[in-house]
Number of protein chains: 2
Amino acid sequence: MMRTRPLKVALLGCGVVGSEVARIMTTHAEDLAARIGAPLELAGVAVRRPAKVRAGIDPALVTTDATALVKRGDIDVVVEVIGGIEPARSLITTALEHGASVVSANKALLAQDGAALHAAAGEHGRDLYYEAAVAGAIPLIRPLRESLAGDKVDRVLGIVNGTTNFILDKMDSTGAGYQEALDEATALGYAEADPTADVEGFDAAAKAAILAGIAFHTRVRLDDVYREGMTEVTAADFASAKEMGCTIKLLAICERAADGESVTARVHPAMIPLSHPLASVRGAYNAVFVESEAAGQLMFYGPGAGGAPTASAVLGDLVAVCRNRLNGTTGPGESAYTRLPVSPMGEVVTRYHISLDVADKPGVLAQVATVFAEHGVSIDTVRQQSRPDGDGEASLVVVTHRASDAALTGVVEALRSLDTVRGVASIMRVEGE
Amino acid sequence: MMRTRPLKVALLGCGVVGSEVARIMTTHAEDLAARIGAPLELAGVAVRRPAKVRAGIDPALVTTDATALVKRGDIDVVVEVIGGIEPARSLITTALEHGASVVSANKALLAQDGAALHAAAGEHGRDLYYEAAVAGAIPLIRPLRESLAGDKVDRVLGIVNGTTNFILDKMDSTGAGYQEALDEATALGYAEADPTADVEGFDAAAKAAILAGIAFHTRVRLDDVYREGMTEVTAADFASAKEMGCTIKLLAICERAADGESVTARVHPAMIPLSHPLASVRGAYNAVFVESEAAGQLMFYGPGAGGAPTASAVLGDLVAVCRNRLNGTTGPGESAYTRLPVSPMGEVVTRYHISLDVADKPGVLAQVATVFAEHGVSIDTVRQQSRPDGDGEASLVVVTHRASDAALTGVVEALRSLDTVRGVASIMRVEGE
C-alpha cells in the first residue's frame, strides 16, 4: 500500500551530519520508502555557504534562506542539524507553526528550551523527535520514553561524551597526563580546536538534562545540572583509582532521591570499579547504564558522535515521524507530569576518595578522623603512606561511606583549616558500586 | 487531558510474569494512567488453576475460560503470557478478531507463526507487540524496528539465553565441566528441571528467527535457523579458548550475506575474543551486539529473563499499544518487504578452531595441511604439541581463516579418513573478530 505522493523533507544544515542524512536519503531511497509507506523527497537544503559543492545534492535545492524554506507550508518534516540556540530555535518554532514535524540533533537547544519546543509541537499537533541529541547513534531516548514507559527508572549513569572518554581512556591506558592526552585527541580529530564544551562538561550536562527529564517524567533545565569538568584529573588520580580497582570516567548521573520526591542531575569525573560495565567503554564510545525498578540494570552502548552514526539516529526519527504523519497521528510528546523538583548538589549522596598531604607525625590520623566524625561522614578505608623523599609529609587517602555532598564539603573546609593538613590533593566521587 | 473511561486489559496467564504484570498495573496505576492518557483496568485473568490464591488479584476477575475472555468484545488489550503454541495462538487470533490489540511474550509462537499473526493484526487494524519475547527486559525489538528504521543492519550477534550463559560463564570462571555447571544452574533456579530448550539452543533459535526477520525486513522461520546446542562444550574447549585469548558463548547470529542478496541465522557455541564486549557478559545476563551501516556497532545489555524484567518489557508494550488505541492508530507492523532468502548453513562463512588427535610422527602436519588446501580452506595458525603421557599421539590445533561451513565440513570428513588422524577432538567457530 505505497502512497505515491512523496513526503517532503527540508534539511537545515549540511555539514558532517546533514550531508550524511542527504546521502542516505538518496542511496537508500527504496528501503526508506518501503519502511515508511511513501517515498521521501528532499525539498530543500538550507546552508550558510551556498557556493560550496555538495556531492549528490541538486544545487537547485540549496538555499541560504532557511526561514523561507520552513515557511513554505508544503514541508512535511524539517530536519534541523545546525546546532546551537539561534537560529535553530526560531526555525524549529516557525516550522512547527507552518505544519511541519521536526527531527533535531540539537542537544544544547533541547536542554535549554525543550519545554517550550514541546509545547509548540503539541499546540500544532506535530512531532518533535531528537534521538540524535543524546549519545549519537545509540537508541536511548526511544527506549527510555517508550520501552521503559511501564517501568520506574531510578538512575541513569552514562558516558555521554566521546571526546572526554577518549582522553580519559588514553590517560588510563598510557599513564599520560591530561594535556598530552588532549593533544592526541585534537590531532586525531576527536577534540575540537576549542575543547571547552567537551572537557568542561557543558556538552554532557545538556545531555544529562534531557535524559533526566525523560527518565523521571519531569522537567530538568540545563541550569539544574551540577557540572564539573575533567581538566583537573591527573595521572596521580588514575594511579589512586587503580589501587582501588577502579578507573576514572566523566559521568552524567541522573538519580531519583531515595524518598522518590526529588531528582538530581550532575556531570563530573568519578571513579568506577573496573567490574562495572561502564569501566570497559573504550575510546570515543558512549554507553549509558539505566537502573529501573522492574527491568533492573540495562546498558546501551555505541558510537556517541560522528556523521554516519548521528545520521542513523536522525533517519530513525525521520521514518517514525513520517509514519505518524501518514497515520494522521503523533508519537508520545513530552511527559513531565511528575513535576519532581531538582535538588541541589549538596543533597546528592555518594562515596568519596580524598587524597590529603599531611604532616608525617603521630596524632594526625586521629585529628583527621575526628573531622570526618564531627560532620557525620563515615570512613570506609584509610591508607597512610610516608613519602619516600622524607620531607616530613605523608599521604593520607580516605575513602568514605555514602554521605551528602554538603557534609563532604564541610569536611573538606574543616580539613583545610587543620595545621597538620598541608593540602587536599584531590577529591573524587566513587560511583557505580 | 486524561480520559476517564479506562482501557480494559485481559491477562492470559498469571505465573511468574503475569502476576508481576498485574502487580505493577495496580501499584503503579497512576503513573501508567498519566503516561497513557487513560487509566488501565484489569478486566479479567485467565488461568489454569483458579483455586490458587493470587495476592492482589480480585478472585472475581479470575476465569478458566480464556476463550470467553478474549471474545468479550470490550477488551482493549490482551496480554498473553501463557507461552507455547496452543492455546496461545488461537487465543491471540481470536482476540484480534474481536477487536483487541495484543501484547505477547511468546517467542516460540512468534518465531513459528509470526507472519500469520501479524497478518491477522493488520487485517483487523490492531497492534501485535512482543518486546518481551526476545532478551527479556532489554529494549531490542523497538530499537531494531524503530530506532534503526533508517539504517541498514548487517549483523546481529547476541547472547539471548541466560541459562546457557550462566552455565558457560561458570565453566569459564571455575574450570567446571558442563554437567557440574548445569547442576549448579539447576540448584540456583537458572535452569529448568528439563533444560533441553535452553541447552540445545531451541530457545535461542526462536529468538534468532524473530531478530533476523526484524533486522533484515524479511521472514525467517524457526526451521530456517541452524541450531547446535552447548552440551558438548568441554573444560578442554575453554582451555583452548583461553590460549587464543577467547572465551566461549552460545551465540545467536543473524547475518546479511556480503552480496546483500540473502541472510543467514544460526545458534551455536563459539569462541569470541575477550576484548569483544559480549565476552564480559556474566551470569544469566543477555546482550545483543548490532552492526549497521551508518550507526556502526551498538550493544544492548540487561537481564534476559525473570518475572519483573519480562513484565517491564510487557508493560512498555502495553503503554505503547494503549497510546496507539487512544490515537486511533497502530504502530509499525511486520516489515518483511525485502523477501530475502535464508541461505543454508553450508554457505555461512566464518573462522574455525579445530583440535585434532594425531600420530606423533613426521609428515603428519604436511598431510593435514594438504587436506585444508585441497578444500580451499586457508590456515591462519597451527600448533602441534606432543602429549606428556607419550602415547605416540600429539595434539594439533588449527585455526583457519574465513571459510564456508560446507568447505570446513569437507575438510573434517577428509581428515577423519586419514590414518594419521586418530580423532577430531573438537570443532568450534570463532566469531566477533
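Don't overthink the numbers, they just go from 1 along the chain as shown.
Backbone N, Cα and C atoms are what each Cβ position is placed from, and that goes for glycine too.
Taken verbatim from TrEMBL:
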BINDING   A:Leu12, A:Gly13, A:Cys14, A:Gly15, A:Val16, A:Val17, A:Gly18, A:Ser19  NADP(+) binding site
BINDING   A:Lys107  NADPH binding site
BINDING   A:Glu192  L-homoserine binding site
ACT_SITE  A:Lys207  active site, proton donor
DOMAIN    A:353-429  domain 'ACT'
Cβ-centroid neighbourhood (8 Å) of the NADP(+) site, A:Leu12, A:Gly13, A:Cys14, A:Gly15, A:Val16, A:Val17, A:Gly18, A:Ser19 excluded: A:Leu11, A:Glu20, A:Val21, A:Ala22, A:Val81, A:Ile82
For the binding-site residues A:Gly15, A:Gly18, which Cβ has the most other Cβ atoms within 10 Å, all shown protein chains included? A:Gly18
Quick note, A:Ser19 (NADP(+) binding site) and A:Lys107 (NADPH binding site): C-alpha atoms separated, nearest Å, by 19
For A:Cys14 (NADP(+) binding site) and A:Glu192 (L-homoserine binding site), what Cα-Cα distance in Å is obtained after rounding to a whole number? 19
I need the most crowded of these recorded positions: A:Leu12, A:Cys14, A:Ser19, A:Glu192, A:Lys207. Count other C-beta atoms within 10 angstroms of each C-beta and give me the top one. A:Lys207
Mind checking how the domain 'ACT' (A:353-429) divides into helix, strand and coil residues in DSSP? 23 helix, 34 strand, 20 coil
Round to the nearest Å and give the CA-to-CA distance linking the residue listed as 'L-homoserine binding site' with A:Leu12 (NADP(+) binding site). 22
Using the structure shown, find which entry in A:Val16, A:Val17 (the binding-site residues) has the sparsest Cβ neighbourhood within 10 Å. A:Val16
For A:Gly15 (NADP(+) binding site) and the residue listed as 'active site, proton donor', what Cα-Cα distance in Å is obtained after rounding to a whole number? 21
Inter-residue C-alpha distance, A:Gly13 (NADP(+) binding site) and A:Lys107 (NADPH binding site) (nearest angstrom): 15
Tertiary neighbours of the residue listed as 'NADPH binding site' (same chain, Cβ under 8 Å, six or more apart): A:Tyr130, A:Ala133, A:Val134, A:Asp203, A:Ala206, A:Lys207, A:Ile210
Across the domain 'ACT' (A:353-429), what does the pLDDT come to on average, as a whole number? 92
Once the chains shown are all counted, how many other Cβ atoms turn up within 10 Å of the Cβ of A:Gly13 (NADP(+) binding site)? 23
